[in-house]
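See below for the structure under consideration.
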């Protein structure tokens, strides 16, 4: 890894520590997904992830899971912006890879599902054949994959094309003017932390982990599974997200709407479950990648 990239990681980590609880959804949500995933890593995965992480991460994947958001506005990384989401036709409430996975210039496979397949393939090629390692930056591949599996579980990262996943829908979150996408990226989690967890992200993560071993325990094997022995299966995750976007995110959230307790209390369980699902599925994907068992990336 280059010295400049190491310096960037160090700077991001220091800022993360200084902010101390006032983090945006990108950091809070992605940290939560990756922290949950770490609890489900198999032994081979723990070793592989620690080997690939930058030294500044100190063996903690969660500490660098927001890196793709930190870099995407820098000119040399702008090409990654379309990889964080996939837009679908307005009001169809469904997702199709061949129809939807492209950037604004119609370059196919440039969307969040395509990115998950791509970075899965990169990590698999290295784990299966050491001769290919020189072709990919595996540290970046790990961080991109971990981040994008988080992104695809946010319903409005698989939203409508016409409103850019809710970014152009202006609403009020209680008294604060914002947009619908930001509500789901940030405001729901922020309000939950203040209302239920004394502004403590570790307490929220602990509560989600408790649900995974209790109320959701029967669902975990289903969340972990991929059809057809695939290593990565983001297409069903995208379909889930657009369905949830239509049923919960867009409903009763037209432009100019004030969203308050009714919206918050009915949508928070959706956000919490998507964070948990993202963590379980990230762990399952990385476990399949780094397992010695035969596998394939899928498509």
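Backbone N, Cα and C define each Cβ position, glycine as well.
Per Swiss-Prot, the features are:
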type: SIGNAL; residues: 1-24; note: signal peptide
type: BINDING; residues: 25-30, 69-75, 84-87, 94-99, 118, 136; note: substrate binding site
type: BINDING; residues: 25, 30, 151; note: divalent metal cation 3 binding site
type: DISULFID; residues: 34-65; note: disulfide bond
type: BINDING; residues: 69, 84, 147, 151; note: divalent metal cation 1 binding site
type: SITE; residues: 69; note: site 'Important for catalytic activity'
type: SITE; residues: 72; note: site 'Important for catalytic activity'
type: DISULFID; residues: 93-246; note: disulfide bond
type: DISULFID; residues: 101-111; note: disulfide bond
type: CARBOHYD; residues: 118; note: N-linked glycosylation site
type: CARBOHYD; residues: 137; note: N-linked glycosylation site
type: REGION; residues: 147-196; note: region 'Substrate binding'
type: BINDING; residues: 157, 181, 185; note: divalent metal cation 2 binding site
type: CARBOHYD; residues: 198; note: N-linked glycosylation site
type: CARBOHYD; residues: 211; note: N-linked glycosylation site
type: DISULFID; residues: 226-233; note: disulfide bond
type: CARBOHYD; residues: 229; note: N-linked glycosylation site
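Sequence features annotated in Swiss-Prot and their locations in the structure.
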residue: 29; record: substrate binding site; CB count, 10 Å: 28
residue: 65; record: disulfide bond; CB count, 10 Å: 27
residue: 69; record: divalent metal cation 1 binding site; CB count, 10 Å: 21
residue: 71; record: substrate binding site; CB count, 10 Å: 17
residue: 75; record: substrate binding site; CB count, 10 Å: 6
residue: 84; record: divalent metal cation 1 binding site; CB count, 10 Å: 22
residue: 147; record: divalent metal cation 1 binding site; CB count, 10 Å: 29
residue: 157; record: divalent metal cation 2 binding site; CB count, 10 Å: 25
residue: 226; record: disulfide bond; CB count, 10 Å: 17
residue: 246; record: disulfide bond; CB count, 10 Å: 18
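Residue 233 (disulfide bond) and residue 97 (substrate binding site) are 12 Å apart (CA-CA, integer value).
Ranking the glycosylation sites 137, 198 by C-beta neighbours within 10 Å puts 137 at the top.
Cβ-based neighbour count (10 Å, all protein chains) for residue 136 (substrate binding site) stands at 16. For the glycosylation sites 118, 211, 229, the greatest number of Cβ atoms within 10 Å around a candidate Cβ is found at 118.
All protein chains considered, the CB of residue 101 (disulfide bond) has 24 other CB atoms within 10 Å. Long-range neighbours of residue 93 (disulfide bond) (same chain, six or more residues apart, CB within less than 8 Å of its CB): 242, 243, 245, 246. In terms of Cα spacing, the recorded positions 65, 72, 84, 147, 233 that come within 10 Å of residue 30 (divalent metal cation 3 binding site) are 65, 147.
For residue 87 (substrate binding site), applying a Cβ distance below 8 Å and a minimum sequence separation of six or more within one chain yields 100, 111, 158, 159, 160, 161, 164, 165. Each residue contributes its Cα atom, and for residue 147 (divalent metal cation 1 binding site) and residue 65 (disulfide bond) these two points are 5 Å apart.
The two recorded residues residue 71 (substrate binding site) and residue 229 (N-linked glycosylation site) have their Cα atoms spaced 33 Å from each other. When the binding-site residues 29, 75, 181 are compared by Cα distance to residue 226 (disulfide bond), the shortest distance belongs to 29.
Distance between Cα atoms for residue 229 (N-linked glycosylation site) and residue 137 (N-linked glycosylation site): 26 Å, as a whole number.
Cα-Cα distance from residue 72 (site 'Important for catalytic activity') to residue 211 (N-linked glycosylation site): 33 Å (rounded to the nearest whole number).
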